[in-house]
Amino acid sequence: MTETAIEFVNVLKRYGSAVAVDKMSFSIAKGELVTFLGPSGCGKTTSLRLIAGLELPTEGQVKIAGRDVSRDPASERNVGMVFQSYALFPHMSVLDNVSYGPTIRGVPKAEARDRARAILDQVGLAGYEARLPSELSGGQQQRVAVARAIVQQPDVLLFDEPLSNVDAKLRRKVRAEIRELQQRFGLTAVYVTHDQEEALAVSDRIVVMKMGQIAQIGTPAELYEQPASSFVADFIGDANLIEGKVSSGTFHAAHLALPVRAADGIVTATIRPERIRLAKGGIATIRSASYLGSRMEYVVQDENLEFLVSRPISEPRLTAGDSVDLQIDPADLVLVR
Amino acid sequence: MTKRSVLLAAAAIMLAPAVPASAQGNELVLYCSVQEEWCRAMSEAFQRETGINVLMTRRSSGETYAQIAAESGQPRGDVWWGGTGDPHLQAAQEGLTEEYRSDMLAELQPWALQQAETSGYRTVGIYAGGLGFGYNTDLVTENPPACWADLLDARFEDDVQVANPNSSGTSYTMLATLVQLMGEEEAFEYLTQLHGNISQYTQSGSAPIRAAATGETAIGIVFMHDAVAQTVTGAPIVTVAPCEGTGYEVGSMSIIAGGPNPDAARAFYDWALTPAAQELGATANSFQIPSNVNSVTPDAAPRLEDVNLIDYDFALYGSSEERTRLLQRWDAEIGSLPQ
Amino acid sequence: MPRSGRCRSNRQRIPVGRFSLTSDRAGLAWLGLLAAALGLVPWYKGNNLFAGPAASALTEALAGRGWLWPMIAVTSALSIAALTRGWQRSNLALGLTLGAFALLIWQGFAVGLRGPSADWVGSAFPRAADGQTGLGWGGFLAGIALTGLLSDLFAARGFCRGERFPAFCITAIVALLTLFVFFPILRLGIAAFVDPTGALALGTFWARISAPDLWGVACFAGAGRCGVVVNTVVLGVLSASFATALGLALALLVNRTDFRMKRALRAISILPIITPPFVVGVAIILLFGRTGLVTSFVADLMDVRPTRWIYGLPGILIAQVLAFAPVTFLVLLSTLEAINPTLEEASRTLGARSMTTFRKITWPLLRPGLAAAFLLAFIESLADFGNPIVLGGGYEVLSVKIFFAVVGARYDLGNAATLAMILLALTLIAFWLQMRWMGKKSYVTVTGKSDAGLTAPLPPILKIAVFAVVLPWVLFTLAVYIIIAAGGFVTDIGRWDLTPTLSHLVTAFRFEIAENGLQLYGSAWDSMITTLWVAGLAAPLTTLVGILTAWLVARQDFAGRRAFEFGTMLSFAVPGTVVGVSYVAAFNVPPVDITGTAAILIICFVFRNMPVGMRAGLAALAQIDKSMEEASQTMGAGGATTLRRVVLPLIRPAVFTALVYSFVTAMTAVSAVIFLVSARHNMATAYIMGRVEAGEYALAIAYSAVLMIVMIGCVALIQLAVGTRRLGRRQELQGRPAADPAE
């Protein structure tokens, strides 16, 4: 994982006066699957298109396999891309769709078809070669799109929200397939999504983006456990953001007073809902209790602060109006500024 | 594949005529300003006689003059054959046409030679025709008009047509004729009165007589040979040579200066003045009087001898200045009158 | 796993280095073409392409035409610069290319046909006194090569996301638009301000433009005549009003009633598009002229003297309404279809009666469509030439007046140019208003949203009114076309001599099969054959340029796209008469000297009709997910391949529409063509006009009928060749719109 597959060096992309990608720099190692995650308008799709060559940077460099491709059009880069809408050619059969790329790049027609058949076999679509895309199910179309993208062994495989057109039940299965394929072929992949759960599930590393800038880069665990900002904490999973004050090694907010290692001043503390424990009888009150099947979710009010608390279903259930005590392990608290 | 071959075949059919873009040198570009039928007869006969491929365009004399003027930077035509003499004279005056003294000049009528002399041999007369009018016998059943003055009769209200002199040589000839016949002030007085009877100033010179032939109007003021042509094809038209006297046109021919095929142009010029060529008109339903003394005048043609002809001053009324002045006066005093 | 191993070995087939090499090669190829154009191919016109280097720019320059040297010198410098690595991104290369372009243009204008255009050129190059003729193969190839080179340099700088093909298309289309749309109009504009000797003549211009015969309004006071500009505007407003009303009635009939013969109605409304000009006017004269069928009948019935009421405003108005109603009909039909029926349903559930619903809901929603239809018809009326010239009588309009200013007895290009400028200004104002009203709506076809509810049926009073308007129109149209169908096959329809005959057809299309093959003697063959192959060449070119432009506008993101789009639309807005005059003014002299060739006809058609192909293409592309093209690009296909293999198959209907429209228009166009036909290249419409002018109505009608049949045959042929999209149900096409790039 030391060889660099993709590198952004101070990449800036401007549309008129609007900045979509603001001086981004990062690198992606070979064989890695990296996800761009962020709310809509954060620049994640633009970043992906900058790698593909469907957009060219206003400033800075995009490097693929060590080569500066900043001015190369998409057709002269070796990338594969799976589109949100799959973008299968409706007038071509599945086989023609998959053999399109090799044919364009000068592979003889017969060989291109052999290769396409092989890939289709790998994604489990053998026997569907002669069909038109409109005669396939959504999941099958998705697999054709993936097959088409990997058939020419691209330097990088790009996914633009590939699961947004797949119904919720299939998603888990399809994303596992994608991950499996990517690892089997040893491909470098970049994946764009706005769904944090999806991002956590498939990624080696995640780039969290906000307004064209990188909020944080890290493995899923790092992002979840050590968010660098309240934005990241809030965006990845659920988080309670507590505004408070640190004075002489103690964090104060409402009735809370927790020992922390931080300098004095105003800070925001974040804590995951499942890290808060509740005990009956206390000064906080349960405002609402929701039964979610696998767990209970409570909204707890403590003075002017509201906490979201998530407890396993096995614990004794509480109901709205109960008085509770909030129990927080200071080690679970992450302070951000 | 079949679709493709159909397309190819179609393309081949369409392109086929484009391929033999005939080599220059053995062709002649003829601008013709008489009736299409006559134009075709002339170009076919010349082509058959000489083997020179004739590319002919028929346009009115005004249009042709305009085209030659527009192309003066790079002339595309060789010979301008036919049409009223005035625009030919104007072209000669502006150097758009070339001086050429054909051996055939000796055989021509005096009025045809005079045209050549006036222009410094840049044009020559090929036929003549008197100005007059024709009336529809279905519409004018009694007391037919015989003179210019009769046209002012109130019973012809909205029933006379003549072309607009700005666009038609015929109508300009009428304007010039009336000015010479009556004097300028009186002529414009006459035209003002006539305006009350005019239903439309047409764009084309011979349109009025066609309108009369189909009954769209009762009287059309045109060259007499145009009226005769209608009668010959069966229309209820009677041709009238006005009793006060009338003017005439000398249909002319010029070689365009700097044309692409000067040799072929001269060959055509000489040939067009021969009796054989000039007698083609009658076969094409055109009854002008040929300019070669040896040519046979068609029987149906209105004889100039029978017409009270004025001494038309082609030099003066063919000049740009006089023409522009008269037309401007016409625009101001007649053209602007309410319909 | 063994499979993946095999793939890996194949990977060598996509060497990274190959791509940069291609980039360099394209630039060098253009440079090579430029060198060949300057050194190997004859520079001036009149020489065969293969005449060899004997007449090339280099040879000519050596022979004393020194004004060619700067261009050659800059090109040589460019070739040296191209030896360095990455030269395509250097400012030097760009500067030299632009310089070569400028010098190419300069050499063309510096020396005219008869000598130098400026004194200093004459003194610097003595041979300039001989003048020079128009550019030949060399000149045009040099222009193409420089355009290609320039686009390559732009692409290297990231223009069009670095794609060379779209960059080249944009550069080439801009160059072509400049040469064939803006340059002629500019030249014409200059002609309005200078006298024939070339001196500035503002006084003359002012006298012309303020002439009372342009702006007079005396006719409104009941005495005197109105100016030609006033006439034109009055005609336009009346014609557009009636055409819009008729179009609305037709649209309501088709969309809001259960009228049975909707298909027949649509078919009838298409007829005017394939009808050659003039014949409708002739048919109207035969019906309503003084000896016309209807006029005589009414005159006998009421015992009044038949009059010539049809000549002038009434006649032109009838012909124009007949011709433009289909256009307004189509615009209003799509507006009606786009109105969401739930709005009307809501109104009715709220208790409004049907008339109230129509007045308060439907009508306001229709208004933008009405305005658009009105302006469209107004623009068409301004540009119309065929009807006023046949039916105008004493009623003068601008297009006819321009024609006679050029071809009349007093040739006056200056006056024609002035009038053309006025006509252009009027058209552009209407066009601008139309763009504002319709905005982008005209591009997006209506999707099947309206099936959400039932459309409101028409209130009974309106229904009666609609039938009262449409029925006479149907009868009238039928009468006109019966005359067109029959008129060519009777002895003399003008005098109502109805003896059947084929003599007109024989006059026009006589042929003999002799020993030496087919001999065509008919008088119409020349123009028919020319028209067919000019239209046959123009149609695919028009479609190509139109669809290409649509694709560039819809899919490429480049600086100046709006201006580009507007420029292409402008060529559509310019009335045909103005185009004709401007082409005469611009292309009759070097450097681009193409008057009298078939090329000028084809070029004229391509740039006049291209916007229609463009609109069809834009509408089709709006329905196709952009990511399919992006997918093709990421798979290594350049713009050209993507266009050919992905886009074109998906927008076949638009290609078909564009082909048919451009073909038919080229067959029936007249206003621009009248100025451009020559002895060698005469067109059918010009021939028909000549026949109408000469009163040979029967021949004109016979020819027109044949022409219409030929057109229908050709359209069927195009259908066969292009075919229709053979695709089943496909949700992708109408799938989600392309992702916002800013996301």
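Glycine residues also receive a Cβ, built from the backbone N, Cα and C atoms like all the rest.
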Fill in the blank from the handout: The residue range that TrEMBL labels transmembrane segment, out of C:209-229, C:503-523, C:566-586, is C:566-586
Fill in the blank from the handout: Maximum Cβ pairs under 8 Å to the transmembrane segment (C:413-433) among C:167-186, C:365-383, C:566-586 is reached by C:566-586
Fill in the blank from the handout: Residues outside the transmembrane segment (C:309-333) whose C-beta sits under 8 Å from one of its C-beta atoms, at least 6 past its ends, are 234-235, 238-240, 242-244, 246-248, 250-251, 254-255, 269-270, 272-273, 275, 280-281, 284-285, 288-289, 292, 295, 366, 369-370, 372-374, 376-377, 380-381, 384, 387-388, 390-395, 397, 473, 476-477, 480
Handout entry: Sequence-remote partners of the transmembrane segment (C:167-186) [C-beta within less than 8 Å, at least six residues beyond its ends]
Key = 143-144, 147-148, 150-152, 154-155, 159-160, 424, 545, 548-549, 552, 556, 558, 564, 567-568, 570-571, 574, 578-579, 582-583, 585-587, 592, 603-604, 606-607, 639
Exercise for the section: Six or more residues out from either end of the transmembrane segment (C:233-255), which same-chain residues have a Cβ under 8 Å from its Cβ atoms? Expected result: 226, 262, 265-266, 269, 313, 316-317, 320-321, 324-333, 335-337, 366, 370, 373-378, 381-382, 388, 395, 397, 426, 430, 455, 458, 462, 465-467, 469-470, 473
